[in-house]
Amino acid sequence: MQLCARAWGLRLGRGAGGGHRLARGTGLSWAQRSRDSSGGGGGGGGGDRGAAGASRLLERLLPRHDDFSRRHIGPGDKDRREMLQALGLASIDELIEKTVPASIRLKRPLKMEDPICENEILETLHAIASKNQIWRSYIGMGYYNCSVPQTILRNLLENSGWVTQYTPYQPEVSQGRLESLLNYQTMVSDITGLDMANASLLDEATAAAEAMQLCHRHNKRKKFFVDPRCHPQTIAVVQTRAKYRGVLVELKLPHEMDFSGKDVCGVLFQYPDTEGKVEDFTELVDRAHQTGSLTCCATDLLALCILRPPGEFGVDIALGNSQRFGVPLGYGGPHAAFFAVKENLVRMMPGRMVGVTRDATGKEVYRLALQTREQHIRRDKATSNICTAQALLANMAAMFAIYHGSQGLKHIAKRVHNATLILSEGLKRAGHQLQHDLFFDTLKVQCGCSVKEVLGRAAQRQINFRLFDDGTLGISLDETVTEKDLDDLLWIFGCESSAELVAEGMGEERRGLLGSSFKRTSPFLTHQVFNSYHSETNLVRYMKKLENKDISLVHSMIPLGSCTMKLNSSSELAPITWREFANIHPFVPLDQAQGYQQLFQGLEKDLCEITGYDRVSFQPNSGAQGEYAGLATIRAYLDQKGERHRTVCLIPKSAHGTNPASAHMAGMKIQPVEVDRYGNIDVAHLKAMVDQHKENLAAIMITYPSTNGVFEENIGDVCALIHQHGGQVYLDGANMNAQVGICRPGDFGSDVSHLNLHKTFCIPHGGGGPGMGPIGVKKHLSPFLPSHPVISIKPTEGTWPVGTVSAAPWGSSSILPISWAYIKMMGGKGLKEATEIAILNANYMAKRLEKHYRVLFRGARGYVAHEFILDTRPFKKSANVEAVDVAKRLQDYGFHAPTMSWPVAGTLMIEPTESEDKAELDRFCDAMISIRQEIADIEEGRIDPRVNPLKMSPHSLTCVTSSCWDRPYSREVAAFPLPFVKPENKFWPTIARIDDIYGDQHLVCTCPPMEVYESPFSEQKRASS
């Protein structure tokens, strides 16, 4: 790997001899200095000394000026000095000594390569990406090449205003993406023919596992039928999930399924199936329903544009992958899975869901609905452990549907189907046998000649097929297939006719699905939004209108505790849309993805060095998925040791809600551990719990630093205690941003962690996903890491893998270059510095705010970690002001709220990250101090306790510019409460405060159909939609 400017000499010329161009036409290029110590002849050692002297002079003349860490870390030297002075400290080293226990501090620098220049990182990544070979892949199995509209790529996927938003917990500043996600839900509901859909899940396979769990929850039965013609990765993920949920999965063809025992919770089938066959499942659905079993259909949205939807033959749950709606393959992800249900199952549905409610003025608005069923509230009793899903990719798919409309989607579907019909006819003419007569886009072919010969000809054209175990070949076509592609496919199979000649021989008679009883006749996407933005001009304006409604990192800091909303730099994000990363099918042979393999290996090596673990699995594609995978790995390890009875998992009460939800998913029995008044694990209670459950102890789940924002002094003792009693230590990586370069979980006793790459390592949050949650493990757990049924991702000898946890072998592969680039550009020193500044920023803010709010928890020497909790509970009694009032009022100051009422109800948790400079920290602190003064005004009777800027917040532009203003405070106080909040730079909430209760009581989670717009809108029609 090349070094930066200091390792290069400057040379005039045209770049002869392999120099790397600085810029076209400049006549300048870089040439690497010789490392030959011989001096090159008669000059002897003097030549070396002259070269060394020249080098030092050159470094002085051409000092490095593109140190990425200086771009990533907000506070400069002056800011740091001032913050340290405010804390009464002489240096950052002193701060770290007083914050992080000496017993766990890393005594050496991280062993990592020197940082790569920001300008050079893209060149290095280009070299890696070029090792990926972009063949035409007709493998299918839920993954298809597609045409990504450039307007969506540029204005959404590559737009920081869309990708740096957080999950829309604050709807008043999130109406844009909430509307887009409602469009996505409507799209899914319409196309599948079901009543309600959620706002995305992680991938098709995990959506199928969630469907199985829903069936099990619904009727408490413990047998689940799976049609073996589902995609193999889907079957594997369902089997892995079922193993720890006590559900028996049986692979049965429909005619083999016996429901007479009334012990079957549900059945899963694929429509069209993995071989491409379209068949009628009506009879199976009816048989299942007669005995109270639910039916789950894995399906394809594009196929359903011309194929009878599952909702029309009684299916209860439909699921699948929306990837082919304008989202790149990306070697497996990220993609948005869809999940739709009948209305009677909506309150059991996993994942986030957008619904309609009203704001304080009565205006219809959007919000996240039914949150009481989610992990952050219900913990181990939640419908799922899902936290981050795939909002950004769901938004892309929704925009794809909006851009094309129903007619455009039908056109694409018919084109794909017609191409498949032409290919099928040509193959039959060439003497090959098709296994199925009715299909959409996939053919299973019994070759009439040598398969080896066919595959050899395919390799000549750089084309991939699917090879079935029985020696047949699978060919799945997509919307990018051209006439030339068809000609190449026909040539590979020895057909002497061209696609044009085959088509002419077929004529225009309706064939295939369009001439069968399976043809779709019902309308879909009738809502106005899918019929208004078919020109690029209109779509760009619509996307911009939505973007402008949402606060993101382009506006101001997002101080959400435990969320690490740091910079997502352009250099890190740029490579994810390169075709060498974007256009690779996840199941291509490994020799076609050598660039990806090199990147995985390098990232794994760096993450192991950073964490102290020995191996990393990249398969989990979210933090919650990583928790489940890590705990399941522990279960597999204990099972192999003959300790299957160990199922108790200890979890502190301060833990994130995903912890107990994930432990429950892994089949563990949760035992809560108390937290003392200082925010630490109550060691006495922990010891009592360990002693009580020592025979059955499987693990403890801890977060470090704790969710209360402190480095607990006795973390090593806690880990040792668990190990002494036969348990394993799972350390939640949510707060890894306070550890990198300073301490390593693998050194102080942790056995496994998930790493939130979308927090610590700069993958953007995307408004609610994507995320990545790879797990790092110590050596003894490495043989149990996840495997995959299609692609071998680890040696099989001496391993007992836990199973498969995600659809793709390496999860959401295409966003891993972001974290790789961040680590390479920062280097070991820069990564440690980022951690130090994150801790400095948090302590500076805590210091500024401590005179106005109580800082709830501090470490042993009075300092916080990278985040801290402000106690707003006393204001409920003194002024009838709650945390939610402070959160909404912050919107008027231009800020997203901190994490609200977690981990302690009635509080606010603040995490500034290292990317924010002192000026931004001060603006936020000024806002909080100003709000405290507004609370004091209520306490002291200077303003009305019911009608005041806090209770009436946020103040939208419509509100402030209304001709009627009857509030006992001025418009200026409402909208411009401090000098830095100015008309020219203010972010405006677009609605008044929402009514959560009304939204859950009047659940509407799709857009109404076009008929609504034929007459004045009515509540009755909206409810019936």
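Residue numbering: from 1, along the chain as shown.
Using N, Cα and C of the backbone, Cβ positions are placed for all residues, glycine too.
According to Swiss-Prot, the protein has these features:
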- 38-50: compositional bias 'Gly residues' (COMPBIAS)
- LYS452: N6-acetyllysine (MOD_RES)
- LYS519: N6-acetyllysine (MOD_RES)
- LYS653: N6-acetyllysine (MOD_RES)
- LYS669: N6-acetyllysine (MOD_RES)
- LYS759: N6-(pyridoxal phosphate)lysine (MOD_RES)
- 16-51: region 'Disordered' (REGION)
- 1-35: transit peptide (TRANSIT)
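Annotated features, which come from Swiss-Prot, shown on the structure.
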| residue | record | contacts (Cβ under 8 Å, 6+ apart) |
| --- | --- | --- |
| LYS452 | N6-acetyllysine | none |
| LYS519 | N6-acetyllysine | ILE306, LEU307, ARG308, LEU513 |
| LYS653 | N6-acetyllysine | PRO672, VAL673, GLU674, VAL675 |
| LYS669 | N6-acetyllysine | THR647, VAL648, CYS649, ASN696 |
| LYS759 | N6-(pyridoxal phosphate)lysine | CYS563, THR564, LYS566, GLY623, ALA734, MET736, ASN737 |
- [ ] With H, G and I counted as helix, E and B as strand and the rest as coil, say where DSSP puts the residue listed as 'N6-(pyridoxal phosphate)lysine'.
- [x] coil
TODO: Name the secondary structure element type, per DSSP in three states, that contains LYS519 (N6-acetyllysine).
DONE: strand
Open item on the list: Which secondary structure state does DSSP assign to LYS653 (N6-acetyllysine), in the simple three-class scheme?
Closed with: coil
Open item on the list: On the three-state reduction of DSSP, what should I expect for LYS452 (N6-acetyllysine)?
Closed with: helix
